[in-house]
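This report concerns only the one structure given below.
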Amino acid sequence: MAAAAAPAIPVLVAGGVAALVLKFFSRRPPAAPEIQEEASDDGKDASSAPEVPPITLSWHKICCALQAKDGITTVKRLLKNLSGEAKAGRLLAIMGPSGSGKTTILNVLAGQLAASPRLKLTGLLFVNGTPCVSTSYKVAYVRQEDLFFSQLTVRETLSLAAELQLPGSSTAAERSRYVDDILQRLGLVRCADTPVGDAKVRGISGGEKKRLSIACELIASPSVIFADEPTTGLDAFQAEQVMETLKKLAQDGHTVVCSIHQPRGSIYSKFDDLLLLSEGSVIYAGPAQNEALAYFAGLGHSCPEHVNPAEFFADLISIDYSSPEKESASRKRVEAFVEIFATTLYATRSLSGTEPAPVKLSTQHVTQQKVGWWKQFRLLFRRAWLQAIRDGPTNKVRSRMSVAAAMIFGSIYWRMGRSQTSIQDRMGLLQVAAVNTAMAALTKTVNVFPKERAIVDRERAKGSYGLAPYLAAKLIAEMPIGAAFPLLFGAILYPMARLHPSAKRFGSFSSIVTVESFAASAMGLCVGAMVPSTEAAMALGPSLMTVFIVFGGYYVNSENAPVMFRWIPRVSLIRWAFQALCINEFKGLKFECDKPYDLPNGEQALERLGFGDSTINKAMVEEGRILLFWYTMTYALMRKNKPRYQRIVAPDESS
């Protein structure tokens with residue numbers, strides 16, 4: 001009777017562990033403590049925005065062409081001899097129909113045009129009249145898609161950016177005041193302690209996310225701010241607030257440039273300057289309000305009363321493809337606009353007018369000074385830990401799936417005995433345990449990591465931190481959470497199936513599935529670093545794992561595999577986990593024998609599988625090598641795939 005009661009003890013323990021895990025992951029994340037303002041010792045307002053050097057950014061004869069694979073033939077001209085300027089303290093809007101080159105010229109000016117061997121980019125950039133390259137001045141680039149770690153609050157997101165980008169000489173109190181000031185300036189105080197959120201977690205609104213994107217870029221006190229379609233996806237009220245924020249930043253002395261498709265009238269009234277594009281050519285560049293309307297009125301195209309100027313311009317400079325006749329007429333009109341503007345005073349004034357006094361751009365103003373490796377690791381570890389521990393929806397699903405899988409498999413293989421048929425049952429259960437553990441870890445990683453990689457690529461492109469501290473922090477921070485689910489699975493399954501009744505064997509079982517889970521997660525990281533999207537990762541990851549399952553030691557004996565495939569079992573994380581689990585289970589087991597050909601002990605069962613000469617330690621060493629291999633491949637792929645941007649070269653004046 002005591003023997004019968006003994007297996008019940010692990011079941012009770014497992015049930016308690018499951019309840020604690022579910023309760024822990026169901027808790028709401030605690031609100032971040034409110035940071036109190038501290039008065040500076042010298043009486044100066046330490047939270048005031050740092051002064052930014054005024055910059056007038058000019059560009060001349062910017063051309064961008066997509067070439068054929070031969071590198072000679074031009075397939076499409078994206079930008080055609082664009083010239084213009086963006087002035088300090090003014091908001092410049094780049095407008096035009098879809099495909100006109102708005103985002104392309106914005107990327108060129110910000111130095112963010114993705115590099116390609118088929119692109120040819122030429123032109124000249126000037127900062128306050130001095131020739132430069134796009135990396136010679138501090139810029140902020142607010143992209144169209146707002147990407148954040150969903151479980152961090154607005155304040156935590158900004159505070160981390162401040163810790164990584166502000167000079168190391170600043171104190172914690174100064175950084176806190178600086179963050180509070182930015183929250184105040186961008187109207188984010190009300191939601192400062194609210195999680196950013198995503199599709200799974202309720203968080204801040206779309207307009208607040210856009211302003212948070214601007215806030216994160218303001219941390220480094222940029223002189224020039226670029227925003228790509230900042231109102232896309234926002235309702236009228238949120239769009240108005242975002243554009244009001246950009247207008248205030250321009251009034252604070254920043255040079256603000258944004259691309260926008262078709263703004264409402266109240267938003268258009270905020271623009272100081274306007275750059276109209278159509279099919280990569282300049283239609284108009286100059287003041288945005290009465291001057292722009294007067295320019296087109298002089299060409300015989302007057303804006304009707306009570307009509308939004310932005311809508312009027314959109315209709316005027318778009319190509320109408322509804323019929324061949326309308327396309328021809330609209331194209332001739334646009335080509336005439338391009339030719340006329342090239343001869344106007346507006347077209348030449350930007351490079352011949354009076355420039356502001358030159359600003360000396362020292363190295364301190366130009367480059368990002370990263371904090372030390374250890375501080376990067378510490379900050380990124382905290383972020384990864386908060387993201388992992390607060391991800392309630394994902395953790396709830398994983399814990400419930402672990403409990404459900406363990407209960408189902410435990411019921412199917414309920415309290416196995418020592419008969420000859422139990423040998424096959426044990427092998428099947430151990431294979432199922434290895435496959436379930438690996439697939440659960442892999443699926444979670446490939447579903448999450450590609451989204452996170454997009455954020456990390458942006459932050460690395462800004463020079464906020466290095467790849468090594470990021471990966472080290474992520475791997476270590478996620479280990480406790482990653483270990484909880486295979487341990488929960490094993491704690492329920494092991495006593496239900498009545499596997500080898502030994503506390504030491506149960507400890508080995510738990511260790512094996514945990515290490516296998518880490519290896520599968522590392523493989524998921526590599527897959528996520530290899531492909532560009534979550535959908536591609538979800539397709540590739542399980543397909544690759546299926547191959548490892550087939551060569552996992554249960555379906556195909558490695559000694560009988562074709563020669564050309566015999567290398568696969570050696571790199572299969574399923575194979576080494578299954579092998580270790582079998583050795584842990586079968587070593588020392590005695591089975592009932594009724595016939596001469598029956599297997600009397602577990603050692604002979606291991607011989608049948610081809611595992612007779614192996615040990616748990618040897619299998620775990622191989623699993624560890626696979627783990628390190630996938631981690632190394634992840635690092636190499638992320639390093640190789642770091643965003644690279646097209647360099648602009650001076651035009652060939654002789655051609």
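Yeah, the Cβs are placed from backbone N, Cα and C, and that goes for glycine too.
Positions annotated as domain 'ABC transporter' by TrEMBL: 57-304.
Listed as Cβ neighbours of the transmembrane segment (470-494) (distance under 8 Å, sequence separation of 6 or more from its ends, same chain) are residues 10-11, 13-15, 17-18, 21, 376-378, 380-381, 383-385, 388-389, 395, 398-399, 402-403, 405-407, 409-410, 433, 436-437, 440-441, 456, 460, 506, 509-510, 513-514, 516-518, 521, 631, 634-635, 638. Annotation comment: TrEMBL describes 470-494 (among others) as transmembrane segment.
The transmembrane segment feature in TrEMBL is assigned to 506-530 (among others).
Counting only same-chain residues 6+ beyond the ends of the transmembrane segment (536-556), those with a CB under 8 A from a CB of the stretch are 427-428, 431, 434-435, 438-439, 442-443, 445-447, 449-450, 520, 523-524, 527-528, 530, 565, 568-569, 571-575, 578-579, 582, 609-611. Feature annotation from TrEMBL assigns transmembrane segment to 536-556 (among others).
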Item to check | Intrachain neighbours beyond the transmembrane segment (506-530), with Cβ under 8 angstroms and 6 or more residues off its ends | outcome: 10, 433-434, 437-446, 449-450, 453, 478-479, 482-483, 485-487, 489-491, 494, 499, 537, 540-541, 544-545, 573-574, 576-577, 580-581, 584-585, 616, 620, 623-624, 626-627, 630-631, 633-634, 637-638, 641
Checklist entry - On the 0 to 100 scale, where does the mean pLDDT of the domain 'ABC transporter' (57-304) fall? => result 89
